[in-house]
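Feature annotation from TrEMBL assigns transmembrane segment to 21-41, 53-77, 98-117, 137-155, 167-191, 203-222, 284-303, 324-344, 406-425, 431-451.
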Amino acid sequence: MEQITSTEFKSDFLTEARVSLGLAVPLAVAQLAEFTIPVINSVMMGLLGTQNLAAGALGVVIFLTLASICIGILRAAGALAAEAFGANNLDRVSRINCQGLWLAVALSLPAMLLLWNCDSILPLLGQEQNNILLTKSYLHVLVWGLPAMLGFLYLKQIAAAINFPQFGMVIIVVSLLLNIPVNYVLMFGYLGFPALGLAGISWGTMLVYWVSFLASVMLIYFHPNSRDYKLFRYLNEFDGEIFGKIFQIGWPTGIQLAIEMGLFTITAMLMGKLGTSSLAAHEIALQASSIFSAISMAISYAVTARVGQMMGEKNPKGVMRATFVNLSLSALFAFVVATGFELFSQSIATLYLDINNPDNAVAITQAINFLKLVAVYQVFSSLKGVTVGALLGLQDTRVPMIINTLSFWGVGLGGGYLMGIILGWGGTGLWYGLILAPAISSLILVGRFYLRAKKFEGDLTGVSGQTPVSTLST
């Protein structure tokens, strides 16, 4: 067996860390900017009054939920493109990219239909008629931006697969800066435009989505880092094999995202039953956590690209090294974030609530407690996200979907309900459930990754007589 010296290991580790950070940092900036757009939109909705804020926030949640599921499905194309790029099969990279774009269009259609008919669905959720009408006016404009949003976020993943993540960072930051003045002009009717109110925000955001998508197409087409790959050359051809493979690998990832969102939605409802203070404290904890979750997601995207590339190179040691490095980076980042939450929980809570108002005392106390629990949650959530990303790079998604379903809905929701509601531990018990979900999931998924990585190595060395990982049903 080939021996690897400590010097060689250190050199390989540092090289992988440099490459992975080169992917993760631009992706993290882009993720944070993407997260900031709906936050800024919500702040601007607040300028229009409480009812507009409530209706607009509901529209944002519905829109982003459907968009996130679609993006989860499309992540498979990034994994396949990374494998083809690692194998230096640039023709296949182009074919995968084009079929992924067609899948983005196909996924947009049913999602747009649901968004358009939101006024038929929202009454079933007990929403007031005035909220429904305002939400409808918001979504009936924003719906036309969904294909562009999916197209841009999809191309960002393809760019990461070919080691060109910077383009997404530049475009989304510019889009963020553009979104604010456009929204403001259309909301209040400046520069000769009519005052559209809440619909003005959706018009502004929809236009920014299309600008982002078209800019990304132009940049990929003309930029020296990507133009030679001719990523759009097969756009007029339909390849059923590649189209089907992207969907086959991708749909379990979309389901995983829906499962996680479902857990947090139900937990928020249970928090509401415990009282307004518990719900407010919970929302503060979630808002703070979601900012850093965007960075964890960027590391997950990076490890998918790196594992996919190593898979294409038929380099099992590279697969293990890329995953180990990104798990280490994720753990380091999570530890720093957890320490920050532990040390500054009171300061974070008082950013949202006035500490001098005695009516906020209970909510602030609960928020401080929840933020300390978020510190623990963030560690396990980061590890889970990176491991899922590594398994996606190996094109293994169905079993991880089952693992996450059982962990989140069985252990997380069931355990949280038992501790928070039945045993009477309140919001703390519900957060224990939220922590248990990624904790159990990450432990099992790490084992799953190890087995799949070893099988990949065995297939390459001829130890296993089974089908290679890249052609397995996932």
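Just so you know, glycine gets a Cβ as well, placed from its N, Cα and C.
Source: prediction; values computed, not measured.
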Proximity verdict for the transmembrane segment (53-77) and the transmembrane segment (137-155), three or more C-beta pairs under 8 Å: yes
Long-range Cβ neighbours of the transmembrane segment (406-425) (under 8 Å; 6 or more residues past either end): 259-260, 262-263, 266-267, 270, 273-274, 431-434, 436-438, 440-441, 444
Positions on the same chain near the transmembrane segment (21-41), where near means CB under 8 A and six or more residues out: 56, 60, 64, 153, 156, 160, 163, 165-166, 168-169, 172-173, 175-176, 179-180, 183, 201, 205, 208, 290-291, 294-295, 297-299, 301-302, 305-306, 326, 329
The transmembrane segment (203-222) vs the transmembrane segment (324-344): 3 or more CB pairs under 8 Å: no
Ranked first among 137-155, 167-191, 324-344, 431-451 for CB pairs under 8 angstroms with the transmembrane segment (98-117): 137-155
